[in-house]
Structure formats: C-alpha cells, structure tokens
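Undergrad: The domain 'Manganese/iron superoxide dismutase N-terminal' annotation in TrEMBL covers A:61-145. Marked as domain 'Manganese/iron superoxide dismutase C-terminal' by TrEMBL: A:153-271. Sequence annotations record features per position, and here TrEMBL assigns compositional bias 'Basic and acidic residues' to A:276-291. Per TrEMBL, region 'Disordered' is recorded for A:276-318. Marked as compositional bias 'Acidic residues' by TrEMBL: A:292-302.
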Amino acid sequence: EREREREREIQTEMVATATSTLLTSSLLPCLGLRGSTRSLQWRKKETQCTRKAGPSIITAKFELKPPPYSLNALEPHMSQETLEYHWGKHHRGYVENLNKQIMGTELDGMTLEDIVTVSYNKGDLLPAFNNAAQIWNHDFFWESMKPGGGGKPSGDLLELIDRDFGSFEGFIKELKSVASTQLGSGWAWLAYKANRLDVGNAVNPRPSDEDKKLVVVKSPNAVNPLVWDFSPLLTIDVWEHAYYLDFQNRRGDYISIFMEKLVSWEAVSSRLEMAKTRAVEREREEERRREEEEENTADGEPVEMYLDSSDADASETE
Amino acid sequence: MGWSCCNSLLPSNSHPLVTTKMSKVLKSSKLPHLYRQQRRELPGAQRASKAKAYHGLKTPPYKLDALEPYMSQKTLEMHWGEHHRGYVEGLNKQLEKDDILYGYTMDELIKVTYNNGNPLPEFNNAAQVWNHDFFWESMQPGGGNMPILGLLRQIEKDFGSFTNFREKFIEAALTLFGSGWVWLVLKRNKKQLAVVKTSNSVNPLVWDDIPIISLDMWEHAYYLDYKNDRGKYTNVFMNHLVSWNAAAARMARAEAFVSLGEPKIPVA
C-alpha cells in the first residue's frame with residue numbers, strides 16, 4: 001500500500017512539475033485558448049510513469065501524439081498517404097527511438113523541451129538530440145496546420161508582421177525564400193525573438209519593445225529555434241519526406257500551398273500570446289533579480305565595474 | 001562503359017599526366033556531349049565579349065528504365081531529370097554572374113568553392129553535379145554481387161572481409177541523419193580504403209581522397225520507391241545496383257596516384 005501511495009506521489013509530482021513549468025510561462029487563463037489547453041492536456045498525458053516488475057524502476061515514456069485532425073483531413077493539399085508515412089512512420093520512429101535512448105539515463109523523466117535544450121549541448125549534439133528535437137518539431141508542425149487553413153492572420157499577429165516585415169506579402173515572400181534556400185533537410189520558422197544575452201552582467205541599457213520582434217529563420221536537420229532561446233510560432237517541414245509524395249521536387253509549390261491552404265493562424269496567434277507573456281515574465285524576473293543584487297551590494301563598498309576600459313588600461317600600464 | 005568511365009575521371013587540363021593528344025580530342029567539337037566544358041559561341045555582335053565555360057548535364061550510362069525494378073524509371077526521371085538538371089542549371093546561372101570561377105574543371109571548382117569548410121554559394125550546386133554524375137556511374141543494370149581480383153583483395157585487406165565492408169557501408173547509410181552520401185574512398189594519407197559518410201553535398205574530394213563508389217542518401221533518391229525504408233534501399237543497392245566494374249576502373253586509376261604496396265619495379 002505504501003508502494004502504491006509512493007507511486008501516486010511520484011505521478012502527481014511529475015504532473016505537478018510539468019504543469020507548474022507551463023503555468024509560470026503563461027499567465028493567461030488556459031481556458032478558451034485552444035492552443036494552451038491542448039498543451040496542458042498534452043503534458044499530462046505525455047509522460048506516463050510505468051512501474052516495472054522487480055526492482056522499482058520508474059520510466060517515463062513519450063507517446064506519439066496524433067495530429068489534431070484525421071489523416072485525410074488535409075486533402076488534397078497534403079495527401080493521406082503523406083500523413084500516414086510522415087506521422088505514422090517517421091514521427092513514430094523518432095518517438096520509439098527516443099524512448100529507447102533515454103531509458104535509464106538522466107534524461108529519463110525530463111520534459112521533451114528540456115531534453116531538447118540539454119542534449120543540444122551548445123551545438124555539440126548528444127545522441128538524444130536528433131530524436132527529441134524531431135518529435136518536438138513534428139508535434140509543432142501538425143499543430144501549425146488545420147483543414148481549411150490559410151488566409152490571413154489578424155489582430156496582434158498581423159500588427160507585428162506588418163511592423164517587422166513591412167507587409168503581410170513581404171513576410172510571405174521572406175518565408176518562401178528562406179524555406180526554399182534551406183539546403184538539404186531542415187525547417188523554416190517564424191519565431192518571436194525576445195531573448196536575453198546569456199551573460200552574467202549583461203543588461204540591455206535601453207530596453208524597448210522594438211527589441212522583441214518576429215523573425216524568419218531556417219534550421220538544418222533537427223535543430224529548432226528553442227535552442228537559440230527564440231519562441232517558435234510557425235514551422236514548415238522542408239525535409240524531402242514532407243512533400244516528396246505530393247510535390248516531388250517542387251518545394252516552392254509545396255510552400256505556397258502550405259501558406260495558402262494549410263497554415264493555422266489561430267495556433268500561431270495563441271503561441272504569440274504565450275510567447276509575449278513569457279517574455280514579460282522573464283523581464284520582471286530579471287528586474288527582481290537585479291534589484292536583489294543591488295540590495296546585497298548596496299552596503300557602501302564600491303562595486304568594481306569595468307565600465308571604462310581606458311581606465312583599466314591606464315592602471316595596467318602603471 | 002569504358003569510355004564513359006575514362007571521361008568522368010578526366011583530370012584537370014594542367015595535370016602532367018594528361019597527354020596533349022587526349023585533351024585535343026576531347027576539346028574537338030565532334031564529341032561535344034562527352035566533354036563537360038563547352039565553349040559556347042556567342043552570336044554576332046557579342047563575339048567580342050569573353051567566352052564562358054558552362055557545365056552540361058551528363059546522361060547516365062544506361063537508359064532511365066534500365067535499373068528497374070530496383071530503382072524505378074519514375075525515380076530516375078525525377079532524380080536525374082529534375083534534381084540533377086536543376087543543379088546544373090543553377091550552377092550555370094551562378095557562374096554567369098562573374099568570371100572569377102571561369103575555366104575551372106569540376107574537381108577544381110569543388111575544392112575551391114569548398115573553401116576549407118566555409119563553402120561559397122556555388123559549392124552546393126557544383127558538388128551536387130559532380131556527386132550525381134559519380135552516383136549514376138556507380139550503378140549499372142545487373143549490378144551487385146562482389147568485386148573481383150585486386151579490388152576484392154584490397155577490400156579484404158582493409159576491412160577484414162567483404163561482409164565486414166558491406167556491414168560498415170550499410171551501417172553508415174542507416175546512421176546518417178538528414179541528407180547526405182555514403183562513400184567507399186581510398187584515403188590518400190592512410191593508403192587505405194574506408195567507408196565515409198558526408199552531409200548534404202560534401203564529398204571526399206574536398207579532403208583530397210579518391211572516391212570509389214557512392215550511395216545517395218538524400219530522401220529524393222529513394223522516397224518514391226521505398227518511402228522511409230532506408231534499410232531496404234541500401235540492401236538493394238548493394239545486392240543489385242552497385243557497379244563493381246566502375247569501382248575497379250576507378251581503383252586502377254587511383255593506384256596511379258596512391259602507392260598501395262611495394263612498387264613493382266621491373267627487373268631488367
């Protein structure tokens with residue numbers, strides 16, 4: 001009985017940590033935003049703790065998440081056959097391989113996003129990276145599309161697009177060009193860039209809303225903008241397996257059809273909201289931390305700040 | 001098969017081993033489709049401007065349906081007719097822009113545009129043109145089986161056994177992530193055969209090694225026939241497609257550049 005209790009504890013702990021990380025990153029109530037409720041549900045279902053017989057090993061396995069529509073729902077723009085192979089074989093393969101790879105290692109039990117950032121290892125990829133990142137990328141990709149998609153975005157998203165790309169057409173042009181020029185396998189992204197410098201005492205002396213902008217980027221193989229600390233909003237899979245059955249080598253046509261008929265602007269908008277709140281939260285935390293530091297050092301001792309390099313040089317040459 | 005082999009191994013014009021006779025024959029307009037660099041005659045008033053070197057799309061040494069059922073005609077039509085042709089046309093467009101890369105042979109062009117790991121924009125197209133020429137010639141209808149004589153002996157020497165080489169080759173193909181190629185190369189510095197996998201359009205020429213056979217692991221090479229079943233594709237290549245004749249010819253030529261054993265100095 002104690003074992004069962006412990007198991008329940010661990011399960012709730014895992015769920016709690018998963019949900020708590022999600023909650024800190026989105027202050028908006030999760031009801032009503034299709035995107036975020038889905039991800040909450042997803043987090044809970046995704047990591048399943050299973051008990052193995054014998055010595056108590058708790059393993060967390062990732063599950064293959066189905067797209068939010070049936071496999072033939074994107075016809076005729078993306079055929080059912082493509083979905084069957086792309087999701088049923090490629091995506092499933094990544095999930096199965098990752099589960100095998102992380103079993104019993106320190107990555108076991110971490111959330112998918114954490115595994116991605118940890119195994120990216122600043123570019124020196126660990127073996128789990130390719131599988132983990134590809135799972136994340138494909139989940140994100142299916143959710144970036146919907147039957148009857150396309151059209152134009154609206155509201156905040158359209159405003160930002162107009163501000164950062166000049167016009168919606170300008171944005172489409174850039175995305176198409178970036179996706180077409182990704183050599184080999186990879187992804188094209190629309191991302192929200194509001195990152196901090198990863199340096200201890202670096203502070204943006206003149207922070208402004210303009211620093212937070214939308215960018216279009218491309219990445220090779222399995223890399224995604226999470227590893228650059230961007231917030232991805234939209235992605236197009238330009239691995240050849242994504243379009244070869246439907247378009248053969250006509251990548252340009254595939255990208256056009258994707259933008260005109262498949263992209264789900266609702267998903268993009270809700271991700272933008274989450275990204276914005278996350279950025280604001282981070283700024284607040286940074287301010288808080290800076291204030292704490294100032295308090296700690298505000299006891300009369302002069303803080304040695306290498307602001308003026310010429311002073312330092314002069315003192316060295318003395 | 002013989003002449004197409006020799007042609008694909010054509011060394012640069014400045015190479016000491018090329019006799020002037022050979023180069024004259026190949027430069028003559030009687031064999032335009034063999035000679036990869038053609039001087040196009042510009043019409044009329046433009047004749048005063050500089051002539052430009054273009055690269056041509058070379059046809060595979062067999063018909064497009066000759067590799068059925070292991071590699072379908074549809075695949076050849078797409079792979080050669082669209083992808084390979086696209087690379088050739090892309091390269092020609094890029095070379096049109098200025099004269100800096102004028103006059104290079106394909107091998108030189110690849111090494112120069114690779115730029116020691118910081119590839120110039122022309123690298124991708126140039127290398128992919130070369131890679132695909134090499135790939136078509138690495139296959140033949142009724143291929144597969146095993147190499148014989150010298151090449152087999154060398155493989156057994158450097159890998160232990162042919163089976164071991166085959167395993168290593170297939171393993172490299174299956175562990176390659178993303179797009180790329182798998183090669184059997186002769187490494188110049190080690191004087192040994194080795195299996196090498198490269199990403200995207202990189203090929204062993206950039207490290208000054210001599211490729212012997214290659215396998216295209218870009219998804220466009222096998223997706224229409226095998227979808228995601230790379231294992232099947234690689235096995236079919238080894239069993240039914242790889243041309244050990246071409247490999248033997250390349251090996252024989254490579255031995256002129258790399259000494260693989262005791263020199264056979266004839267005794268008077």
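Positions of Cβ are set from backbone N, Cα and C atoms, glycine also.
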Undergrad: Averaged over the domain 'Manganese/iron superoxide dismutase N-terminal' (A:61-145), what pLDDT does the predicted model reach?
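TA: Result for the domain 'Manganese/iron superoxide dismutase N-terminal' (A:61-145): average pLDDT 92.
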Undergrad: For the compositional bias 'Basic and acidic residues' (A:276-291), DSSP counts of helix, strand and coil?
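TA: DSSP composition of the compositional bias 'Basic and acidic residues' (A:276-291): 16 helix, 0 strand, 0 coil.
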Undergrad: Using DSSP, tally how many residues of the domain 'Manganese/iron superoxide dismutase C-terminal' (A:153-271) sit in helix, strand and coil.
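TA: Counting residues by DSSP class gives 58 helix, 24 strand, 37 coil.
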